[in-house]
Each structure stands twice: as C-alpha cells, then as structure tokens.
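What TrEMBL lists as substrate binding site is Pro30. Look at TrEMBL and you will find His60 tagged as heme b binding site. According to TrEMBL, the feature Ca(2+) binding site maps to Thr61, Asp112, Thr115, Asp120. The disulfide bond feature in TrEMBL is assigned to Cys67-Cys99. Summarising the annotation, TrEMBL assigns domain 'Plant heme peroxidase family profile' to 1-193. What TrEMBL records for 1-27 is region 'Disordered'.
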Amino acid sequence: MLQNGGPTWEVQLGRRDSRTANRAGTTALPSPFENLEQITKKFNDVGLDSTDLVALSGAHTFGRARCLTFVHRLYNFSGTGNPDPTIDTTYLETLRQICPNGGNGDTLADLDQSTRDEFDHNYFTNLQNKRGLLQTDQELFSTSGDTVAIVNRFANSQSDFFDSFGQSMINMGNIRPLTGSDGEIRSDCKRVN
C-alpha cells in the first residue's frame with residue numbers, strides 16, 4: 001500500500017497460519033454480484049461492522065475488474081432491460097465503450113478511474129458522484145443505511161480513511177484465529193516452517 005501512497009499499520013505477530021488452503025472457506029467472501037444487505041451479513045457473521053465494510057471496500061481505490069463482474073449494471077440491471085440508475089450517465093457511456101454488450105467479459109476496467117494506481121480516498125468521492133464500478137461499491141452510497149455517512153466521512157478525510165483501513169485490516173486478520181496446536185506460527189512468512 002505504501003508504494004501507492006497508502007497507509008501503513010502494525011501487523012500483529014504470533015498469528016497461527018493454516019498449513020493447507022481452504023477453498024471451501026472462500027464461500028464466505030463477498031461477491032460483486034451480491035447486494036449490500038448480503039455483504040453486510042457476511043461481514044457481521046465474522047464480527048466486522050459497517051466501518052470495516054466501508055474501509056476495506058476502499059481497497060478498490062486501485063486495481064481492475066473484469067467486465068463480467070459489472071456488465072449487468074450497464075445493459076440489463078435486475079432484468080429491467082435498462083442500466084443501473086445509480087450510474088452517472090457519462091460514466092455509463094465510458095463503461096459501455098470498454099465493455100460493449102456481448103463483448104469480451106475478460107476485458108479490464110479500472111476500479112477507480114480518477115487515480116487508478118494510487119491508494120487514496122478518491123474511491124469514496126467516486127461513489128458520491130455515482131461512479132462506483134461494482135454494484136457492491138456503489139450500494140455503499142446509493143442505499144439508505146449507515147454506510148452513506150461513513151462514505152461521506154472518508155471522502156472528506158483521507159487520514160480518517162487511512163486510520164480506519166489499518167484498523168480494519170487488523171480486525172480482518174483476527175477473524176477466526178487458529179489456536180492450540182492447529183496451524184503454525186511462521187518465522188518466515190514466505191515458506192512453511
């Protein structure tokens with residue numbers, strides 16, 4: 001993050017890591033096709049709150065998404081035959097040029113078109129301007145609920161976003177830690193002890 005202008009945080013030491021991958025455990029991860037209610041439930045189920053949800057979503061301040069993850073918003077949102085009404089019309093046209101109807105679903109679009117390779121709080125101003133790429137992103141601001149106030153707070157203060165992001169990364173790292181003799185504490189994170 002720091003290389004892209006983002007925050008730093010103190011990573012807690014002594015966490016036990018699994019010795020194997022857990023593909024089944026990935027079903028609890030949020031999907032770009034879910035709505036805010038579904039994602040909020042997934043966060044709450046592991047002890048994370050709305051601030052964690054919005055702060056961690058802010059990681060979308062850089063990176064790319066494949067057209068197949070958001071093209072439904074451009075042409076046939078919720079089976080209406082119309083685009084998602086929460087997309088800015090100018091942004092909609094830009095996205096339609098990148099992802100034409102029936103086009104290559106693997107084509108990439110920037111998650112944050114304003115500062116594509118910087119970790120900053122522009123992601124949140126994009127949401128305020130109806131320029132969130134993924135449905136899950138835009139719903140943080142376009143749906144009534146406590147996430148709107150958090151988006152506004154982070155849009156107005158990059159330092160508040162950075163502080164919250166660091167704390168939320170720590171909170172996420174504390175989800176269901178292994179205990180006892182399960183897993184291992186690695187002395188070199190790049191390899192198994």
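Here the Cβ of each residue, glycine as well, is placed from N, Cα and C on the backbone.
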CB-centroid shell, 8 A cutoff, Ca(2+) site Thr61, Asp112, Thr115, Asp120, site residues removed: Phe62, Ser114, Arg116, Glu118, Phe119, His121, Asn122, Tyr123
Disulfide-bonded residues: Cys67, Cys99 - member with fewest neighbouring CB atoms within 10 Å: Cys67
For Asp112 (Ca(2+) binding site), the one of Pro30, His60, Cys67, Cys99 that lies nearest, given that the recorded positions are compared by Cα: His60
Those residues of the chain, 6+ apart, with a Cβ under 8 Å from that of Pro30 (substrate binding site): Gln38, Ile39, Lys42, Phe43, Thr136
Candidate nearest Thr115 (Ca(2+) binding site) in space, where candidates are the recorded positions His60, Cys67, Cys99 and distance is Cα-Cα: His60
From recorded positions His60, Cys67, Cys99, the one whose Cα lies nearest Asp120 (Ca(2+) binding site): His60
Least surrounded among the binding-site residues, given as Asp112, Asp120, when other CB atoms within 10 Å are counted: Asp120
